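*Asks:* Relevant sequence annotations retrieved from TrEMBL are reproduced here:
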- 15-75: domain 'HTH tetR-type' (DOMAIN)
- 38-57: DNA-binding region (DNA_BIND)
Amino acid sequence: MPRNAAKPRETYHVGNLEPQLLIQAKRMLEEVGPTKISIRAIAEQLGVSATAVYYHFANKDELLSRLAATGFSELEFVLNQALAESTATTILKEVSLAYFRFAKRNPTMYQLMFGSEITQATLTPELERAREQAFQVLKQTIAQILDQEIHSKMVRITALSSWSHIHGMASLLIHQVIVLPETIDEEQLVENALQSLKHLFSLMP
């Protein structure tokens, strides 16, 4: 074989490998779940060495943390899009619906983002930043509803309450603890869930 013949491995330069690793890791996440993701398998599927993967990620924990960060970035994007397209009267519904749909359509990623695979010890700066940026959109939503500064204590508390509410509903559906009745679509479900928050907002000064 000629010395300059193409080889099946090491087809990516180290500098541009990281995005490909995350894409492949996401595919594997959807296929086998987070516990069965393998750095060696990802390397083989991309035709690179495991050493090349470890150049970007110290271990599987870091890979999962960085992968979860991409999930929060995607969530931030859809929430911002919903926020931009909403009106003063539909803002909470549209943002909550966007959140719920993201969780329902990306169940494996969503479970990784909030699951036990990632702990405080394995949390990367990228994940911490992406998670906070997604939460910022929720705070911005509540700040507009309450007509208060985004950094106020009341906005943060209410945003956390709203987040917990919609997150809980999404998680129950993903884990099939509850089953969505055929007579209720996603929009109706979110509308019904938000009714329980109206009393909370009515108590705000």
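Using the three backbone atoms N, Cα and C, a Cβ is placed for every residue, glycine included.
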*Asks:* Summarise the model confidence on the DNA-binding region (38-57) as a single mean pLDDT, whole number.
*Replies:* 94
*Asks:* With helix taken as DSSP H, G or I, strand as E or B and everything else coil, how many residues of the domain 'HTH tetR-type' (15-75) land in each class?
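*Replies:* So the domain 'HTH tetR-type' (15-75) is made up of 52 helix, 0 strand, 9 coil.
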